[in-house]
């Protein structure tokens with residue numbers, strides 16, 4: 001696809017790199033670990049959300065067919081707000097997006113309600129730079145529950161806060177879409193995560209307000225949350241490591257399916273700037289094949305970064321666990 005002029009008002013220049021490469025110089029502080037402080041408000045809210053989601057699952061068979069379609073549409077839209085938006089576009093700058101596409105992804109991100117783009121991207125860059133150390137927000141060394149959801153139920157480790165403050169985030173601060181969403185995040189969440197998913201089926205085709213709230217809003221929200229969390233937990237514990245056997249992130253097919261392409265995690269932590277997050281392009285990778293590649297074809301995205309096949313094979317042979325298809 002031919003390159004577009006940066007001068008065009010819908011295109012914005014992006015920095016070539018971001019701080020998402022593991023920092024081997026970091027050393028955890030000696031001595032006792034700081035006490036774990038439970039945030040009871042978060043515990044209560046997460047518990048209520050999942051109880052509501054279970055009730056939504058019970059109500060799901062009674063929903064109208066249009067509500068099922070709406071449910072899956074909202075699920076995909078909010079998931080893309082994380083995978084194609086907060087993750088691959090804003091955290092890693094692995095491709096460039098036009099202003100309309102940025103706005104679309106920011107709205108999907110608000111529907112996903114997993115912290116605003118700025119905070120999500122900051123924490124994700126810290127996760128990559130200090131993976132599985134005290135400075136990692138969802139350090140998998142602390143166990144499945146902590147890396148899955150527990151990290152959101154307690155105060156952050158002091159090193160997470162310290163390293164997050166020192167991270168270079170000028171690209172995010174200069175991004176008008178990111179900062180606009182951050183400024184109006186709470187009303188955007190109320191609108192996109194709860195009001196729109198509930199109002200549309202109730203008003204447009206007469207779905208029960210009860211079903212409209214518990215199925216497209218709460219159940220959908222909880223499913224996307226847990227799909228994202230599985231990348232932090234399961235994909236750091238179970239699977240093979242064909243590219244770098246010295247790190248914990250794994251290739252996990254179940255996570256790949258549930259998180260629409262985010263389960264090729266050993267590859268992703270080895271080559272974090274690759275827009276596909278996988279050696280295999282479209283295989284089990286809805287975010288890459290059906291969305292980012294389509295956006296590039298339509299001219300709404302451009303310059304997707306990719307690792308050469310030669311570099312991938314060389315790295316797999318040098319540091320992989322021997323499970324790579326090339327042997």
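Heads up, residue numbers simply count up from 1 along the chain you see.
Positions of Cβ are set from backbone N, Cα and C atoms, glycine also.
Record note: among 265-269, 270-274, 275-279, 265-269 is the stretch given as motif 'Histidine box-3' by Swiss-Prot. Placement of residue 62 and residue 206 with respect to the membrane, taken from Swiss-Prot, is on a common side.
Listed ranges 109-113, 114-118, 119-123, 124-128; the one Swiss-Prot annotates as motif 'Histidine box-2' is 124-128. The Fe cation 2 site recorded in Swiss-Prot includes 127, 265, 269, and the single candidate from 157, 236 that the record places there is 236.
Considering only the binding-site residues 42, 155, 156, 236, 269, the residues lying within 10 A of residue 128 (Fe cation 1 binding site) on a C-alpha to C-alpha basis are 269. In the topological domain 'Lumenal' (205-208), helix, strand and coil residues by DSSP number 1 helix, 0 strand, 3 coil.
Its own atom aside, the Cβ of residue 115 (substrate binding site) has 17 Cβ atoms within 10 angstroms in the protein chains shown.
For the motif 'Histidine box-2' (124-128), the DSSP counts in helix, strand and coil order read 5 helix, 0 strand, 0 coil. The number of other Cβ atoms within 10 Å of the Cβ belonging to residue 229 (substrate binding site), over all protein chains shown, comes to 20. Annotation for residue 269 (Fe cation 2 binding site): spatial neighbours 22, 128, 131, 244, 247, 249, criterion Cβ-Cβ under 8 Å with sequence separation of six or more.
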